[in-house]
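Each remark here refers to the structure printed beneath this line.
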Amino acid sequence: MIDMSLWPPDWPHAHGEPRASGEFRMTPDDFVVEEVFDFAPEGQGEHLWLWIEKRDLTTPEAAKHVARVCGVRPRDVGYSGLKDRIAVTRQWVSVHLPGRDAPDAFATRLSDVGIVVHEAQRHPRKLKRGVHRANRFTLRLRGAVAADPDLSRRWRLLCEDGVPNYFGPQRFGREGRNLVLAQKAFARGWRKRDDPHGMQLSAARSFLFNEVLAARLRAQTWRTPRPGDVLVLAGTASRFMADDVDAALRERAARGDVTPTGPLWGSGRLESGAAVAEEETRLVMQHATLVQGLEAAGVRVDRRALCVPLDAPSLTHAGPDRMTLSFGLPRGAFATSVLRELMLHPLL
C-alpha cells in the first residue's frame, strides 16, 4: 500500500527543485484555459454546438445546466475535455436538438449560472470526448516566484526542452483521495457502479505512469531514447519502437520530433522492447495492488509521452510579486505540471 502520510510524492523535477514559493488559482480569473480544435462546426445538422465560457463550474456541472435549459437529457449534451471548477474555461459543448431551435432566451438563462454563450453553430454530429487537439493556458501567479533570480533560467529550459508530462494533482484528488479509494476498491474487487466515471482507475493508472517518469528523470533519460523505447512522433499518435538508437535519432529527440513514452498500465502486452518492458514492469510492481487491480478491471495498456513541449510560451511580469504565463499544451497534459517546475506550492 502507498503511504499516504507522505503525500504528495517526492517526484523529481527536470531542473532541480524550485526555491521560491508562489500562489496560483486564487480566483477563477487567475486560471484561464481555452480548448483548441483542428475543425469547426459545419453550420448545419441535428446538434447545436455552443462555444461557452464557464466560470467556477466543472464541465459536467456546466453540461447539466445546458441540458436543463435546453430541455434535453444530460446524455444528449457532449463535450471534449473535463475542466476544473476554479477556472475560466472556453470550450465547445453540443446539444442534440433535431428539428428544433434552442429555447428562447436560453443564453440569458445560462448566464445566470455562470455560463456565457459566445457562439452557436449547427453540426451533424455530437461532440465526443477527447477530440480537441490542445489547451491554451493563461495563468496569473503571485508571490516570491515572480522575483526569483532563477526563474528566467528555469523558464528558458522548459521552453527549450519541454516539460515532464506528469499527471497533475487534480487527477489524484485532495490529499490523494482518489488513489486511496482506488486501493480500497482493488482490495475488495473494483466495481463500475462504485466508480462510474472511472476516477479511481484513472488515479491508479496515472500514479504508476508518474512513478515510471520519475525513474526516467532520476536517470536523466526522460528525453533520451534508448534501445527498446517506444517513441511517439510529435503532434501525432503514431508510435514506433526504437530497435537501435543512433546519432540521427538522438538529434530528432533533441529537436522534439520524437519523444520516449511510458506505460499507462492495464491488461495486454507492452509495446516496449524486452529490457525496457522488464524495467517498466519492475517499477510498477512495487505497487502490485494497483497493477493487479487495473488488469482485473479490464483497462487496456496504452502509452503516454514522457515529455511535452510548450507551444508559443510567454512570461510577463506585472509587478515585483506578480506575473502571467501563457502557453499551449497537448490534450491530456497538465498546466500544474508546468507550475511545479517553476515554484513551490503545497498542492504541487
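Yeah, the Cβs are placed from backbone N, Cα and C, and that goes for glycine too.
Remember, it's a predicted structure, so these values are computed and weren't measured experimentally.
Record features (TrEMBL):
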REGION    1-22  region 'Disordered'
COMPBIAS  12-22  compositional bias 'Basic and acidic residues'
ACT_SITE  Asp84  active site, nucleophile
DOMAIN    162-308  domain 'TRUD'
Confidence summary (mean pLDDT) of the domain 'TRUD' (162-308): 95
Residues satisfying Cβ distance under 8 Å from the residue listed as 'active site, nucleophile', sequence separation of at least 6: Phe31, Thr58, Gln170
Residues in the domain 'TRUD' (162-308) grouped by DSSP into helix, strand and remaining coil: 74 helix, 24 strand, 49 coil
